[in-house]
Amino acid sequence: SSFQEMTNVTTVLEFRLLGFSSNPHCQILLFTVFLVIYILTILGNIIIISVVTLEPQLHSPMYRFLKNLSFLEVCYTTTIVPKMLANLLAKRKSISFSGCMAQLYYFISLGATECYLLAVMAYDRYLAVCEPLHYDMAMTAESYTRLAVGSWVTGVFTGLLPCLMVSRLHFCSYNLIDHFFCDISPLLKLSCSDTTATETVIFILSLLVLSSCFLLTLVSYLLIILSILKIPSASGKRITFSTCSSHLMVVTISLYYGTMISMYVRPTYNLSSELNKAVSVLYTVVTPLLNPVIYSLRNKAFKKALEKTVIRH
């Protein structure tokens, strides 16, 4: 009989995503804007991956981490944006239950991987600026590989538990998700099970991942800034600062940790759904475009390498 009850409860085979506005003109406008941003994001990140791969002088750990970040941004934004674009044009804005869980898993895993990578990149810059004499010994090809692979593998595992717990919840007949993708909080709101355990696990996991990465990144940059302030000459200060400024800008402009912490390390129902969507657009659509722009345009060595690649081909 309990099986009978369960089959009565779990009737949701697909979810309907409410997305943004129901106004058709507004949807066309949003479709155009997001499509342009998505194309630029993919192109920008592919250019970075290609230039770093083709130019031998960019084969240092710093640029290899950047290549990882660019590849990650392509995967991350592709998890969300194509489905969102299709739904902006579709009459029936639906996603299957398994599709929804897959999207949730990739979204969490890649988001966590990004946090780990940003922390590792901050550590790499810390070694370069604060321990320049030991840098080559500390950041060998082997240690670079270990850190990069470690970020990806840890990210892959980070997504498993939250996704498993959400997929085990019961969803009754009501299946409207007030969002443009399958995110944690709208799914928890929809469930007709007791979500306390799931919420607690997600809260603790988010707190551990986001705060540890945020602290690592913050401490690295504080040590870098202190180290730069000790350099006697103004030109020395400027040169050292310019190598790290793009990293600092990525972390601050994308406000990555800020937006993620506000979204996941919080009681589930704080933000209005409109604000929730606005903040989500920031880190699923805008941030993946900003990273390539900031890194490539602020970086002299990268610009030189890009020119050489263009001339050669």
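Just so it is clear, glycine is given a Cβ too, placed from its N, Cα and C backbone atoms.
Unlike curated records, TrEMBL annotations are generated automatically.
Per TrEMBL, the features are:
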DOMAIN    44-295  domain 'G-protein coupled receptors family 1 profile'
TRANSMEM  28-53  transmembrane segment
TRANSMEM  65-84  transmembrane segment
TRANSMEM  104-123  transmembrane segment
TRANSMEM  144-167  transmembrane segment
TRANSMEM  201-227  transmembrane segment
TRANSMEM  239-258  transmembrane segment
TRANSMEM  278-297  transmembrane segment
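Counting Cβ pairs closer than 8 Å to the transmembrane segment (28-53), the top stretch among 65-84, 104-123, 144-167, 201-227, 278-297 is 65-84. When Cβ distances are compared across the two stretches, the transmembrane segment (65-84) makes no contact with the transmembrane segment (201-227), since fewer than 3 pairs at least 6 residues apart fall below 8 angstroms.
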